[in-house]
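Pulled from TrEMBL, these are the features on record:
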type     : residues : note
TRANSMEM : 112-131  : transmembrane segment
TRANSMEM : 151-170  : transmembrane segment
TRANSMEM : 190-207  : transmembrane segment
TRANSMEM : 227-249  : transmembrane segment
TRANSMEM : 269-288  : transmembrane segment
TRANSMEM : 340-361  : transmembrane segment
TRANSMEM : 373-394  : transmembrane segment
TRANSMEM : 414-439  : transmembrane segment
DOMAIN   : 499-565  : domain 'CBS'
DOMAIN   : 596-654  : domain 'CBS'
Amino acid sequence: MDLARGLPPLAQSGGDIRGTGAGVAEFHWLSPEVMSGDPGTNYTMTNGGNINSTTHLLDFLDEPIPGVGTYDDFHTIDWVREKCKDRERHRKINSKKKESAWEFTKSLYDAWSGWLVVTLTGLASGGLFLYSNAISIFQGPGSYIMNYIMYIYWALAFAFLAVSLVKVFAPYACGSGIPEVSYYFPLKTLWRSFFAALVAAFVLRSINPFGNSRLVLFYVEYHTPWYLFELIPFILLGVFGGLWGAFFIRTNIAWCRRRKSTRFGKYPVLEVIAVAAITAVVAFPNPYTRQNTSELIKELFTDCGPLESSALCQYHNEMNGSKVVDDVPDRPAGPGVYSAMWQLSLALIFKIIMTIFTFGIKVPSGLFIPSMAIGAIAGRIVGIAVEQLAYYHHDWFVFKEWCEVGADCITPGLYAMVGAAACLGGVTRMTVSLVVIVFELTGGLEYIVPLMAAIMTSKWVGDAFGREGIYEAHIRLNGYPFLDAKEEFTHTTLASEVMRPRRNESPLAVLTQDNMTVEELEAVINETSYNGFPVIVSKESQRLVGFALRRDITIALENARRKQEGIMRTSRVYFTQHAPSLPADSPRPLKLRSILDMSPFTVTDHTPMEIVVDIFRKLGLRQCLVTHNGRLLGVITKKDILRHMAQMANLDPESIMFN
């Protein structure tokens, strides 16, 4: 069902993962004239343009109707309206705090409750212990088989637990989320996020879970700088990251599309169990796929030192020919390094295949760590290869100036870090923010230039095969109406050219403020699937009064039948502040003023679409009403804008499918 607000079927729009578009201020105030009721009534009402600070925007704050103002699935928070409600609540609390000690205590609690929540969040985040040895490791004869069996058992157990929790309790917790659709981030939220991060960092520093007095897991401490000639392999890693990103996006989207269009997608639990079983069976024999991915990245980032026991650091000592590690980084690779190279190559292939099939399954999962692991493996392999070239061919012109015999020249861990950033950039198409993220993860400030070179190269190579990142591709696959802030709208069309209904379409579905019965209102609800309806003074005047959500109307009708006596199908419905005097034998009227949004966002019919698109992007609107001198003409929804943009780009607007 398309979740549109009061518009013809062809104009249905707005069923997206963003908030509804209702706001607290109009871009075009409604007509300020005072509209009187029909002859014989004894009430008057003022249109939305005369709303002032003494008029409650939401009257149901005094007598709330249970369920009104809440959100359904895919109806995310209308932040502008919620902010207005929060201000109104604060005003009420502050006006009562001098009445008694209890009211003063309530005001104090209201003031610090938000900070308490973010403090506890920071404590919980920082106190999460990152190392766990709770699972027993078998040793002795037959230990390999027992550990193999337990590895598969725990993988299946946790996979089944995760998918069961998602299926039963949190269907929308699957996946990693789509950060592009987040559009509202006020300064108040920014400060509280900063405070939560500060508390988490303090707790983490106090616990010191990594044992190195650092706040990040992938902290790097290389003893040699990077050299100019190394930009060549860094750029090659960027090319690999771009190719990997383009390949991953296409194959993952193809698999997810097949999952959605075939019967296989109807069995998410079976899919998760199958993927977990295959992963566990194939991953255990290889030590680089068996271990935790974060630990793998940390090992790949680490530079070889005298105390390192990893197979990646098993170099020959030219002094005695057998010692695993000496003080000189550039030295011939030993059997352990060559064995590790083969294992890393197999791990790279395994990670590439499994990441394609696992991103998008019905468990909470992310993309950053798997992409970084793929890049880190490729980078470490390239780093070791360059290191051996520099050792055996130090007289080549590319090495001659910087790499003297026995000098500390090449750092393979740096290549792993650059490769991780390149692959992540190829998948997400992030640039500046990704450089900052990798710097924060590693603390490698002096390696910003290699990171920038690799990330920009990966983006350029990836864009050559398609400008969409993985998140944009999944938005399009799922049919989410999303206005990309990076796309400019440069056309000269007006709001009247995009609004619905058009001349050949059925009239806009509207409600009148005082001459509808409960039966007529129910008929409108039952015969349409729109998400909301504009409320007007009368069909003749078309003067806009406000906007009422379908869900709120349904809840109000059900609540009235349960709690109000005398409400019948012939009862009059009033969206006005005062109901007129009725004959004694008339059924009790139903007042729905409390669910009416008196200040929906409106624009005039001559507003340029460039401004309308900007309003939708910055405020996350779902729809915007179009008026002319206070008279309702139509509505523009997000889907209408997307179809119009497709038409302006010479694409078929009806080919855009929305979920």
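Heads up, the Cβ atoms here are built off N, Cα and C, so glycines get one too.
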Next on the checklist: Under 8 Å between C-beta atoms and at least six residues away from its ends: which parts of the chain pack against the transmembrane segment (414-439)?
Outcome noted: 218, 220, 222, 226, 233-234, 237-238, 240-246, 248-249, 297, 300-301, 367-368, 371-380, 382-383, 386, 445, 447-448, 450-452, 454-459, 461-463, 467-471
Next on the checklist: I'd like to know if the transmembrane segment (340-361) touches the transmembrane segment (269-288) in this structure, counting it as a touch only when three or more C-beta pairs sit under 8 Å and are separated by 6 or more positions.
Outcome noted: yes
Checklist outcome for this item: In the domain 'CBS' (499-565), averaged pLDDT is 88
Checklist entry - Within the domain 'CBS' (499-565), how many residues are helix, strand or coil going by DSSP? => result 24 helix, 17 strand, 26 coil
Checklist entry - For the transmembrane segment (151-170), what are the same-chain contacts with Cβ under 8 Å, counting residues 6+ beyond its ends? => result 135, 268-269, 272-273, 275-277, 279-281, 284, 290, 362-364
